[in-house]
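Notes follow the structure.
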Amino acid sequence: MGKDARASWDNPRQFVLACVSYAVGLGNVWRFPYLCQLHGGGGFLIPYLIMLFLEGLPLFYMELAIGQKMRLGSIGAWTAISPYLGGLGLASVVTSMYLCLYYNIINAWSFWYIFHSFQSVLPWAVCPINSNQTGPTEECERATPTQYFFYRETLNISSSIEENGGIHKGQALCLVLAWAITYLFIVRGVKSTGKVVYFTATFPYLVLFIYLIRGITLHGAINGIKYMFTPKMAALANPTTWINAATQIFFSLGLGFGSLIAFASYNQYNNNFQQQAIVIALINSGTSIFASIVTFAIYGFKATVNYENCLNRMRILLLNTFDLAEDTISMDNILESIEKLNTTYPVQFAQIADKVREGECNLVKELDTAVEGSGLAFIVYSEAIKNMPLPQLWSVLYFFMLLLLGMGSMLGNVTAIITPLRDFKIISCFLAGLVCLFCLLLGLGFTTTSGNYWFTIFNDYAATFSLLFIVLIEVIAVSYIYGIKRFEKDIEDMLGHRPNWYWKIMWALTSPLLLIALFIFYIINYIQGGTPTYQAWNKELGESVVMEYPIFGQVFIGLLLVSSVCCVPLTALYAFCRKRKAGACEKRPSSVSTVSV
């Protein structure tokens, strides 16, 4: 079965680039830097790299081996191993479908920002004028121009998930464009995907390198880079640091979605996937660290600008309150001036003491403000870009890079759905188009006024729990159902040698134990977390506020958590009943013939 004729990559390089394009995604740019910031800067690299070798690399290797050996998508591959395991592939397809539904909306946002970057003044750099032409829009004044552009102009967001509204036409058109390009990238299978990945896998590195050169030359960038590489070793004593490191490795490599199995199924049978697995995993982790240096340089610039603006506001407050000459207080001596004025004019200073305390300027505090996800990609970066020289150029480069990272990941996500279905000859001529159209139509819900809240639900709950479960069952199935000995022989048949002791120990013991620990932690954390909450945009305050999900939201979250996971036991039950029925049918004719004799 492993050696049947099948479409394949033109060369091994295409496979490596496809895996890099899929694995190196938005999480490397907006999730990893956030975790570094949250867990002690450079100190986070220690648990991250340890978890790479204990968990990420062995599981990545395992999925590539399964795909290359079986030369089938996830459903076919696991069914071939055991009919009772076909539900693993089905669960992967369902999870990938959920991811496809909401992931392309991020690419739509990137298109939206790119199109709005070709203006003499970036629209998120200043507040728009109100309808009366008397001043800036109130909502924008309460927030910031970058927040206003994202929440109002881009999302046109409602005040809660319970308030629904119409489709944002601009976003809907951007989403149609994103899906149209996705379709063109995958319409001819690996023949078209193999060509596209040369660009989607390499161009983001060019942009990151350009941003690195620009970033380290920005005023205050060194403050951010120092912050990243100054480890806070006390964070290593926090179990959450290690759990987040393991989770980041797990999701960053794209395990459990079926994409890696699908990609590997198009390899030549004797392709050296072991070497490729190591190279791809190291490239992925190296990219995370590289992107973090760029991000922290931007952090440092933004934090320094905010810090100096704060100092300047404080300086003006002191000059006006005490009626001092302009050159009396400078940015360099403002802290000393505060102490001196407090001592010299205590009565006057008492009148502004509250304002001084509220507006206290602290560079470290600015750097400590951790932001992840869309908040980092579309608000923090936009804030920094608008303060750069030639902001339009840097805006187009940055959001085009985000677009390519997102599109590269979408190639793997859609391939994970299409490949298993093509294996079963399901309307293969129009399959790619039908999958893209189906996801587009459902994805339009994310362009409504409450769409971002549904996006958050999918982002937080559609994949995390199910992927932990899927990969845990995968490694147990390979190690203890299929058997390590048989798996070794399969690898020897493909590579000419058996895997060494490191791989076998990881598959049989270390990785399953780590996955069980993560799985248990997730369940405990979910239960102890109480009612699920989300960040709702309050236009009256100009900021996000925490709200609890309504009953229908909680029910939907529950359905997301179990819908893909239940594919595993239900398919096993179906296989058992089918086998039992087949056995009963075989026995019935023999008993009849005995009676007739």
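Just so you know, glycine gets a Cβ as well, placed from its N, Cα and C.
Annotation source TrEMBL lists Na(+) binding site at A23, V24, N28, S252, N284, L405, S409. Other Cβ atoms within 10 Å of the Cβ of S409 (Na(+) binding site) number 27 in total over all chains.
Residues or ranges marked as transmembrane segment by TrEMBL: 15-33 (among others). If one looks beyond the transmembrane segment (15-33) by at least 6 residues along the same chain, the residues whose Cβ comes under 8 Å of a Cβ in the stretch are 9, 106, 190, 193-194, 197-198, 200-202, 204, 248, 251-254, 259-260, 263-264, 266-267, 271, 276, 279-280, 283-284, 287-289, 291-292, 295-296, 299, 372-374, 376-377, 402, 405-406, 408-409, 411-413.
TrEMBL lists 45-64 (among others) with the feature transmembrane segment.
Sequence annotations record features per position, and here TrEMBL assigns transmembrane segment to 84-105 (among others). Within the chain carrying the transmembrane segment (84-105), a Cβ under 8 angstroms from the stretch's Cβ atoms is held by residues 73-78, 171, 175, 178-179, 182, 256-259, 261, 406, 409-410, 413-414, 416-417, 420-421, 435, 439-440, 442-443, 446-447, 451, 454-455, 458-459, 462-463, 466-467, 469-470, 473-474, 477, 481, 560, 563-565, 567-572, 575-576, all 6 or more beyond its ends.
Per TrEMBL, transmembrane segment is recorded for 170-190 (among others). Outside the transmembrane segment (170-190) by six or more residues, the chain places 7-9, 14, 18, 104-105, 107-109, 111-112, 115, 154-155, 196, 266, 407, 410-411, 414-415, 418, 422, 432-433, 436-437, 439-440, 443-444, 446-447 with a CB less than 8 A from a CB of the stretch.
Counting only same-chain residues 6+ beyond the ends of the transmembrane segment (197-222), those with a CB under 8 A from a CB of the stretch are 14, 17-18, 20-21, 24, 287, 290-291, 293-294, 297-298, 300-301, 303-305, 307, 388, 394, 397-398, 400-401, 404-405, 407-408, 411. The feature transmembrane segment is assigned by TrEMBL to 197-222 (among others).
The transmembrane segment feature in TrEMBL is assigned to 242-266 (among others).
The transmembrane segment annotation in TrEMBL covers 278-299 (among others).
Residues or ranges marked as transmembrane segment by TrEMBL: 396-418 (among others).
Per TrEMBL, transmembrane segment is recorded for 430-455 (among others).
What TrEMBL lists as transmembrane segment is 461-484 (among others).
Per TrEMBL, transmembrane segment is recorded for 505-524 (among others).
Sequence-distant contacts of the transmembrane segment (551-577) (same chain, at least 6 residues past either end, Cβ-Cβ under 8 Å): 83-88, 90-91, 94-95, 98, 161, 457-458, 461-462, 465-466, 469-470, 473, 531-532. For 551-577 (among others), the entry in TrEMBL reads transmembrane segment.
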| the transmembrane segment (505-524) and the transmembrane segment (430-455) contact flag, 3+ Cβ pairs under 8 angstroms | no
| Do the transmembrane segment (430-455) and the transmembrane segment (461-484) share at least 3 Cβ pairs closer than 8 Å, excluding pairs fewer than 6 residues apart in sequence? | no
| In the same chain, who gets a Cβ under 8 Å from the transmembrane segment (461-484) while lying at least 6 residues past its ends? | 59, 62-63, 66, 78, 81-82, 85, 88, 91-92, 94-95, 98-99, 102, 247, 250-251, 255-257, 504, 507-508, 511-512, 515-516, 518-519, 522, 526, 532, 557, 560-561, 564-565, 568
| query | Taking the centroid of the Cβ atoms of A23, V24, N28, S252, N284, L405, S409 as the Na(+) site, which other residues of that chain lie with their Cβ within 8 Å of it, listed in sequence order? | reply | V20, Y22, G25, L26, G27, G254, T287, S288, G408
| query | Near N28 (Na(+) binding site), which residues of its own chain have a C-beta under 8 A away, given they sit six or more steps off in sequence? | reply | S252, N284, T287, S288, A291, L405
